[in-house]
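As recorded in TrEMBL, the features of this protein are as follows:
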| type | residues | note |
| --- | --- | --- |
| DOMAIN | 1-90 | domain 'CARD' |
| REPEAT | 609-650 | repeat 'WD' |
| REPEAT | 651-692 | repeat 'WD' |
| REPEAT | 740-781 | repeat 'WD' |
| REPEAT | 874-906 | repeat 'WD' |
| REPEAT | 979-1020 | repeat 'WD' |
| REPEAT | 1020-1064 | repeat 'WD' |
| REPEAT | 1065-1106 | repeat 'WD' |
| REPEAT | 1107-1148 | repeat 'WD' |
Amino acid sequence: MEERARSCLLRFRHRLEQDIKPSYLMDHMVSDGVLSVDEEERIRTQPNRKDQAVALLELLLKKDNRAYISFYNALVKEAYDDLASLLQDDLPQMLPDAHNKSSDGSVAYVQAVLSEGGVPQRPVVFVNRPELVNRVREKLYRLLKEPGWVTVFGMAGSGKSVLAAEAVRDHRLIEECFPGGIHWLSIGQLDKPDLLVKIQSLCFRLEQSLDSQSLHRPSNSLDEAKERLRFLMLRRYPRALLILDDIWDSTVLKAFDIHCRILLTTRNRSLADSVSGAKYEVEVESGLDENKGLEILAKYTELNRLPEEARSIVRECKGSPLVVSLIGALLKEKPNRWDYYLRQLQQKQFKRIRKSSSYDYDALDQAMAASIEVLPDEHRELYKDLTVLEKDIKVPAKVLSVLWDLEAEEVEDILEEFVNKSLLFVDNHNKPYQYYLHDLQLDFLVEQNRTQLESLHTKVVHQYQQHYRDGPPTSGDEECLYWIRFLTYHMAKANLSQELYSLMFSLDWVSIKAQIMGPAHLINDYVEYGPILDKEVMRSQFQEFLSLNGHQLEQRPFPDVVQLALSEPRSSEVYRQALLQAQDRTSAGKLYFDWLNKNSVESLSRLVIHPHQGSIYSACFSHDGTKIASSGASKTLKVFKSTSGEKLTEIQAHDDEVLCCAFSPDDRLLATCSSDRKVKVWNVEKGMRLRVFEEEHQEQVNHCEFTNTSQRLLLATCSNDKFLNVKLWNLNKPSSQNTMFGHFEPVNHCCFSPDDTYVSTSSNDGTIKLFQVSSANEWKTINVKNMFTDSDEDVLVKCSTWTADGKHIICAARNAVLVFDVETSDMLLEIKTNRLSTVQYCHACPTSNLLAIAFSNYAVELWDLESNKKMADCSGHLSWVQRVQFSPDGSQLLSCSDDQTVRLWEPKKVHTSSAVHLKRDSDVLFSDEEIIVSAADNCNRLQCGCKLFFLFMWILVVLMFLSFFQVLEVPSGKLLATLLGHTKTVLHCQFSQNGQTLITSSEDTTIRVWKWQSGECKVLQGHKEQVRCFALLSNSPAETRLLSWSFDGTVKMWDIESGEKLQDIEAHRGAILSCHVSPDGCLFATTSADKTAKLWHCESWQCVHTLSGHQDCVRSCRFSWDSRRLATGDDNGEIRIWNVKDGSLLKICSRESKDGMDSLHGGWVSDLHFSPDNSLLVSTGGYIKWWDVEKGEALQTFYTTGTALKRIHVSSDFSTFVTIDNIGILYILQRVV
């Protein structure tokens, strides 16, 4: 070991022995190969931590430079930053000359190896950074014994590639660790074909070094290329290093997950999380000290001795690499202008950057002015036009071609000049190339041209209008994306309010921008430019339309915006434009449907966001209320704006479901916990992982939460561990600060009291425990299970929440919410709900007495704790609601659900809804003058129209859960008959044509035929399982034959007059799910859970055809009116159309249109109907679709608010459609003509 390093260890030995925890450090040193397992064991046998530290340092003083560097890196890794800083200045450099006998021979050997592997040479302007180089080499030594990944990460332009190349320019490293060679591959942003070419060329290069027999034909696929590379690296080059330069995408990185040694450079620190194997990382920090700045100037100017002005120039540049490089590039062209450029910087004749700038480089404006002066006059004016660009936005040359009204080639030449003079940056990873200004350059331009900003933006708008006078671009390329995204921005900055008004209140523009950019950008526009758009009502109409339909507008294939807009209120400008467009398009054969009764439905949510594929388990507001984070089954963490749902950050956070996410009090950090047993902390702005706690929880981590203030920042976590299940973490320490003992069952939730004095924990043991944060001691236990004396079932406490004053704590268990006094532990209030649903979560508003409750029955309710009164229903979710949270100011409430959405509500605007929520069983009577619908509501009350007629089946829904039913007169409600007989739920009923006979089927396996006025009854017995439905063989009044089918797989025919069973066949191996008789009465079809449909002859009862091909249960079927076609629908949403004559398949519908739920129809296809001319087909599933029968193509989709539609009623002319969704909303749709 170098004397300097040894002296440093001796100097700080006492301090190190006092503070370090050797067991953690030795793990890293053993991995580095500087400490043997025997040596580690000898140190571990010491009686206590202090003696272990003494022994480790004693051993360290006997070792070499590598041991010192490894010890330093272990301190950094374990967050002993203060101790590491003591050793940093005396880090030894690992130079190849020290290891090799011949320096010249060493250099030649290294150059040969690197040249053969395609490693780039040192750049002309090269600045050595020994500390970083040593850190990278130290990580590379860790790959000596086993394959793994070393990630070098940092911002763009920080020198990652140069650093990677320099790190492997070392004889000892190559000889000891990578004798198989070093192979460099430049990646960038690639699509799959380009990636395949890259891997093919690498394989070819590797094979070239082997014998000619090793040459293979080029791989035809990415998988084949990956396997070939795996073979070469493992068998032929097992000790080689593969360097992947400039990796952008985790999917690209996975192509190299082949169990070899890899060094990668990237801007994204977390990329390596997506691959397997040992992982190490080195961060490259930007920023240069004075000596490095001088070195850059010397390299540019090629001077051995810099003039005295050089040091002053570097100081005036304030250490900014960008400014130093700008001046260096200028001096290279004009080497006699040192004094001139120094005076330019010193005189500060341009305004300084505004204080609000996010950068602290005082000298930028002076350096920029000096750079721009060398441009020709006409180019200076063009460069000024770049002032209108937004920060961090890259622009293709075509956009500037429109702005400058020049040919694209001429524009590219001008931009190349800007780039060469360091006035512009180019991203050449994709084609077309994209150009952008550094933020510092843009700050300077805005400051310089502040008085001309409006006219510059006006020029952009007018040039766009001139170029796209026939309508906006829709190509979806980079040029189109720029205009669609930023046209409104330029209009607003130009103060062109009339143009902005016309654009943003156009449904055409909404449709184009939503399809290309997604709805969040549009909503942002309405929020941001609200003060300019003086039509307040119209703005809110468009904004509400986008907010409530955003999750639909993110679907692919893209929905018809006009059809979506037809569901808006009739008074809305959105609806008015949609109706005009629909009427115009119907003349060209398009289908559109108007929702006639939409005014009876209230829309209570303010914004609906669809951030993840899969259930969303957690969502939370930032403390400033501007952002929302969400996580769930997709293993990702997303952050988006609370005003619009625009995505700000997306992180592949864990290897398993992410169960919770939480913001820190200052909103700079986000914590996540997962089923993978890990807790992670992220930098919100950079999307970068800061900490991982993966050692201490042995089971899934259910919840995480920060303290409410940053005064003493702690993170609480709880898990399914049996004993050590609640922990407090100090982010500056590698292990937990405290473990709370007391629960012996999984802990579901933890949260701090408002003043951070206590942390409450909710457990499956039926208790809430309150722990003191300062001491981690248990303060008290609230026994929640004692409040449930009516059952022996376990009481699982789901969560707890504190009232704003910290005096009360509220918990959720079973179907109740309980409020306790913190001091006395007395229960003050109980809110009990429907026994059929459980409370999933609750949260107390921090600014009022409101409590939000989330239920398993898809509902969210708001209660006033003071009055113990329900204040509001927040309906809209389509599955279990997992979490609710108020914003810190109480003005907003969010809820997240298994239905993959996050909904935002305004507590002041929602209220207890008076709308009737219907059950899905219904019947409809269509007449010339009116449509009469009858169905039961959620209180089992009959809701129906006002015409006297016998209700076909559906009046019986009133008592559908009982074994008797009633016949009522409508509209008087007069009871005509009460019929007793069935022993279980009645599932279906139907009147005969003359209304005198009523037929019912039941879960009790029987069918009953009633003379309902006299009560006389025949029982048809024979089925072994429930009879969900039946059908008369024809509509003739004289028809007495009845067809019934059952889950027992049989079809039977009965004579309802005599009660005799006429036919009985075992039709399917599985349950029969539907049956339909052809209109001509010759055939009937059955469909089954055995994934087949069958056609049967009505007279002979022979199976005519078995229709195979569905991949899931065949749920529904329907004959066309001419009896020539049969449509069948399955549980994956697929619809097939068959030729009845020969059983051949004619068309498969929906094949290309899987939705976000991974279904072709949003769920089971539950009902099908042909139009009278058999050209159209309507189907129900998660929504309603209309099809072209000949082509099998979807013509229109109507997205219901709820899902799981059971059936649809269709008028005889195929113009009116009636259905009810699973949250009880009635839809009466009429075709637009």
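Residue numbers in this text run from 1 along the chain shown.
Glycine too: its Cβ is placed from the backbone N, Cα and C atoms.
Where the annotation comes from TrEMBL, it is an automatic prediction and has not been curated.
Same-chain neighbours of the repeat 'WD' (1107-1148): 1070, 1073-1080, 1082-1083, 1085-1089, 1091-1095, 1159-1170, 1172-1174, 1177, 1179, 1181-1182, 1187, 1189-1192, counting only residues six or more beyond its ends whose CB sits under 8 Å from a CB of the stretch. Sequence-distant residue pairs (6 or more apart) of the repeat 'WD' (609-650) and the repeat 'WD' (1065-1106) include fewer than 3 whose Cβ atoms are under 8 Å, leaving the two stretches without contact.
Non-local neighbours of the repeat 'WD' (874-906) in the same chain are 551, 604-621, 623-625, 628, 630, 632, 642, 840-848, 850, 852-856, 858-862, 913, 917, 1156-1157, 1201-1204, 1222-1223; each lies 6+ residues outside the stretch with a CB under 8 Å from one of its CB atoms.
Mean pLDDT across the repeat 'WD' (740-781) comes to 96 in this model.
Each residue of the repeat 'WD' (651-692) gets a DSSP state, and the totals for helix, strand and coil are 0 helix, 24 strand, 18 coil. With helix defined as DSSP H, G or I and strand as E or B, the repeat 'WD' (1107-1148) counts 0 helix, 22 strand, 20 coil.
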